[in-house]
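**Student:** Dumping what Swiss-Prot says about this protein:
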- 71-77: disulfide bond (DISULFID)
- 100-110: disulfide bond (DISULFID)
- 80: phosphoserine (MOD_RES)
- 1-29: signal peptide (SIGNAL)
């Protein structure tokens, strides 16, 4: 199969298939929470930009479905006043200094930023996995696919040992804080997380296309 087209598969089925692809594509996988201890890259497979692009498109499709579902179920739509304020969330964003924009584009800097940003999103995806009340297949697919995308992009970073992982203590503290909020606020946070991840991936998609 040369495409990540999912028209014939459910989100869960695709996620399981993605795990099989990951198992064959990465014979010696490195856990996301561990830094690379060996700087050599000759034995790591190179992944074409097309695969990363298709995977990003797939994730964006799942996010779109989740946002639509929340809009219909909770009236948490894109133009809702609550979703215009990011409250106390410190969600990853893309800026000019990250080297991902066409002006001032820097492939290595951009790859590092996308990879680290997606790692930072993991704690928020855990939150979605715990509290999203819609189609759980979509939340699972987004989380698994995002981890797969991180692995794909790490193959292209020249110095993967410099890809820092978020502090687990900080992440745990943030997750505990989010969990103490009422359901209305949780729903607002979830739509903010989805919107921010979507924006981040849209910038990432444009950057991957010119790499």
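All residue numbers here begin at 1 and follow the chain in the order shown.
From the backbone N, Cα and C atoms, a Cβ is placed for every residue, glycine too.
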**Student:** Which residue, out of the disulfide-bonded residues 71, 100, 110, shows the minimum number of other Cβ atoms inside 10 Å of its Cβ in this structure?
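**Tutor:** If we count Cβ atoms within 10 Å for the disulfide-bonded residues 71, 100, 110, the smallest count is at 71.
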**Student:** For residue 100 (disulfide bond) and residue 71 (disulfide bond), what Cα-Cα distance in Å is obtained after rounding to a whole number?
**Tutor:** 31
**Student:** Kindly assign residue 71 (disulfide bond) to one of the three DSSP-derived states: helix, strand or coil.
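**Tutor:** For residue 71 (disulfide bond) - judged by DSSP and reduced to three states - the answer is helix.
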**Student:** Measuring Cα to Cα, how many Å separate residue 71 (disulfide bond) from residue 110 (disulfide bond)?
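**Tutor:** Cα of residue 71 (disulfide bond) to Cα of residue 110 (disulfide bond) measures 32 Å after rounding.
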